[in-house]
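As structure tokens, the structure follows; a few thoughts come after it.
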Amino acid sequence: MDMLLFFILGLLVHFVFFGSIFDIYFTSPLVHGMTPQFTPLPPPAKRLVLFVADGLRADALYEFDENGNPRAPFIRNIIMHEGSWGISHTRVPTESRPGHVALIAGFYEDVSAVAKGWKENPVGFDSLINESKYTWSWGSPDILTMFAKGVGGDHIYTYSYDAESEDFGAHDVTKLDTWVFDHVKEFFHAARNNQSLFSKVNEEKIVFFLHLLGIDTNGHAHRPTSREYKDNIKVVDDGIKEIVSMLEHFYGNDGKTAFIFTSDHGMTDWGFHGAGHPSETLTPFVTWGAGIKYPQKVSVQKFDDAFLKEWKLENWKRQDIHQADVAPLMASLIGVPFPLNSVGILPIDYLNNTDLFRAESMFTNAMQILEQFKVKMTQKKEAILPFFFIPFKLLSESKQLNILRKARSYIKQRKYDEAVSLCKELIHLALKGLSYYHTYDRFFLGVNVVLGFVGWTSYASLLIIKSHSNLTRGVSKEVKKPSHLLACSFIALGVLVAFFLLIQDCPWTYYVYCLLPIPIWYAVLREFRVIQDFVLSLLTFPPSQLVARLFIFTLGIEVLVLSFFYRYTLTAGLVAFACWPFITQLRTRAKSISLSWIFFSLLLAVFPLMPVVGRKPDIFLVMGAGLLVLLLSLCVVTSLLKRKDHFINEELLLHLVQMLSIVLSMYVVYTTHDSLLKKQGLPLFNQIISWITLASSFVLPLLSPTSLFERLFSILLSSMSAYLLLSTGYEALFPLVLSCLMFVWIQVEQETLRQPSVSYKQKVTSLQFTCSPDITQFRQLYLDDVRRAFFLVFFLVTAFFGTGNIASINSFDLASVYCFLTVFSPFMMGALMMWKILIPFVLVMCAFEAVQLTTQLSSKRLFLMVLIISDIMALHFFFLVKDDGSWLDIGTSISHYVIVMSMTIVLVFLNGLAHLLTTKKLELCGKPKSHLI
């Protein structure tokens, strides 16, 4: 019962540690209470038309096709004769929601908002659409509702198709874009005959927003290098040409319409986005019309990349911007207040207006960002005791006033360039100050989380040393009750910390992070006698042996950490595993097992060297994996028939059903792939079979006998039937090779038992999983069990990263779920891909259950060691989290910590799932059988 309580508390502690990263790094950057700022001069445009081609890469738009013709001739003509162009640099995560928020609201949404959905606003924010007099928008319901819900008034009108139209398996997904163009044409046709609507569309400060999803959908379904993706760009180019011509005719060529064409994010060559690869972060930006500069011919560009020559645009001035800079540009063009939460810097080089207008617009931009800085500073100052508050010294109140006074003076003196330069300086300082106050508590919270981490790991280690090992046995038998002074000291410390947080009006989560280390460290220090005995036990070891083991353990942890950055580190580790029998007696004691261990270790070592899953899909490798599983099944059934005196009909039937499930999975994968290639969609029969197969994969193993070999093989067959449906290439072979190595590992661990207290070894084939193991058979932990725990963690990391880097969201391929659904459903698709990741994890955990059985070791004892190793890794990644550098580095460092913490938490649940899959037995008829070891 004490151990159960410990695991429950441990789970809660890890949830707190996991949640801390969101309070430290993922808090919302938004503040409220600012005064709207707008340029006090007449704007150049009455109306703005915003085209957003979802998922469009910059190179895909600007490049030439195979025949040497522009892929988007109308946009190319705009660049060369009517407007300005450049590249818009997006930020991680490169997803639709944060991309559109950056474009239209001007700020970079915190990553946690993405997890809250594509459907609605998780937090309130101001945007260009909200500031406009009227906005009409057409496109995806997932995007349009973000800017319409929660906005006061009735000035925003949205027109969207059904969510079911976003089908990756549809015959022609360009209809998502043609739907938008057709409905825009119908709208303006109706406006001619509707006086009320006609007067509205002729107002000033109005926005027309066209969201074009076809390119993104074709990219996911067919990849950006496909004919479908490239043809869709031509469809969009033609559609924009028609809309522009229609609008100019509708408004009588009044020259008061500004046009912007861009994208929310790009896409990798394998059809995904979310991370920071240049193909995802480089998006096109083309603008023309009222208030926009005409093309500028230049002989020298300030960019040294090879894009200009590839695109044959080296003579037309390229002006790159950040994605958030688009919002202040649009606000300046139509004369609405800059979005209150915008952090974008107005790209004045795009503006074709007077120097006065440019300077005033820049001044407005500086005032708008400075307002955010002031509100943020005031909020932080009011929440902290005066003698603890440290202001941002680079932008004091006197410096703010001085810069504003100088800038205003320069504008009056018509020194516009100097005024613009001062405003830019003020903006950069204000943005630094915003970041300073936004991360003000980061160090304080980080110290408390680290204290909790170290304390928890220390306590778990002490629990192992005290209760599950013989390291302190015989050193000291005296038991002392903990001092009352110690307890009172920690209680007083807790009260003091709580009072300190209370008077500063801190969020409730701060109490959790700051108070949690106190009881943990009290539990550690009350075991002072155990610590003392452990130190004395270590002193009995030869120093060289102690240092060598500590070095090997540290090296092992570093290899695991490095594997998160470099997948080939796993290959090096598996090669080292293959050499392990040569430095032990295993090679001479069990030659066939040693050879099997070496072979499968080296075979598994190949997978981390392969490209990330999804980049090179190959349906024939999936078919090959299915055939290998069927061949292996036939061999196993034949072996069981020979070995058993009587092979129960139910057992034989179960094996045949599972083999049939493999055949059906192969059929579904092949026919679905063929159907989608022919653009005939996902067959309903295939979809039904896929979901039935997935559901049955949880039940069928429970019908098999609980003998170790048969139950594990049944789990493999059921897992493979589901995994094949989720595979697109070589990764289909991965669980099969991993399972073979796991079975050899079980035999290897049994062979390595050489402790005197361990009873005789049974054959692996005769062992049975049981729900109620005989605790008298369990032994104490030995140093060799640290190696077993390390092996498990290494195999878990290999299961995670063996076929891709899940720290990068763009490693996933949506084609993996096409056997189950093709209509866009982010959470369902995400759940299916997460289960694909967890299947190898489950196979390893089931093998771990068998290792505990063969080595006569309590699962709780060995599992404790695994948690300690995982926590040391998590602490390592906590220190590696970055808040500066490239956005790719920042996002990757945070995701590494989240993955390790998730792995630690999920490990607890999967341990229970593995125990259920290996020990439970369902009986369809008759009385349940009893299974004994």
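Think of each number as a place in line: the chain as shown, counted from 1.
Cβ coordinates are placed from backbone N, Cα and C, and glycine is handled just like the others.
As written in TrEMBL, here are the features:
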type     : residues : note
DOMAIN   : 432-886  : domain 'GPI ethanolamine phosphate transferase 1 C-terminal'
TRANSMEM : 443-465  : transmembrane segment
TRANSMEM : 485-502  : transmembrane segment
TRANSMEM : 508-525  : transmembrane segment
TRANSMEM : 595-613  : transmembrane segment
TRANSMEM : 619-641  : transmembrane segment
TRANSMEM : 653-672  : transmembrane segment
TRANSMEM : 684-703  : transmembrane segment
TRANSMEM : 732-748  : transmembrane segment
TRANSMEM : 789-807  : transmembrane segment
TRANSMEM : 827-850  : transmembrane segment
TRANSMEM : 862-882  : transmembrane segment
TRANSMEM : 894-917  : transmembrane segment
For the transmembrane segment (619-641), sequence-distant contacts whose Cβ falls under 8 Å of one of its Cβ atoms, 6 or more beyond its ends: 647, 651-652, 655, 658-659, 662-663, 665-666, 669-670, 673, 710, 713, 716-717, 720, 724, 727-730, 732-733, 736
Long-range neighbours of the transmembrane segment (653-672), counting only residues six or more past its ends (CB under 8 A): 619, 622-623, 626-627, 629-630, 633-634, 636-637, 682-683, 686, 689-690, 693, 696-697, 700, 703-704, 714, 717-718, 720-722, 724-725, 727, 818-819
Interface-richest range of 485-502, 595-613, 862-882 toward the transmembrane segment (508-525), CB pairs under 8 Å: 485-502
Recorded stretch that, among 443-465, 732-748, 827-850, has the most CB pairs under 8 Å to the transmembrane segment (862-882): 443-465
Long-range Cβ neighbours of the transmembrane segment (443-465) (under 8 Å; 6 or more residues past either end): 6, 10, 13, 16-17, 20, 23-24, 471-472, 510, 513-514, 516-517, 520-521, 523-524, 527, 530-531, 534, 781, 861, 864-865, 867-868, 871-872, 874-875, 878-879
Confidence summary for the domain 'GPI ethanolamine phosphate transferase 1 C-terminal' (432-886), mean pLDDT rounded: 84
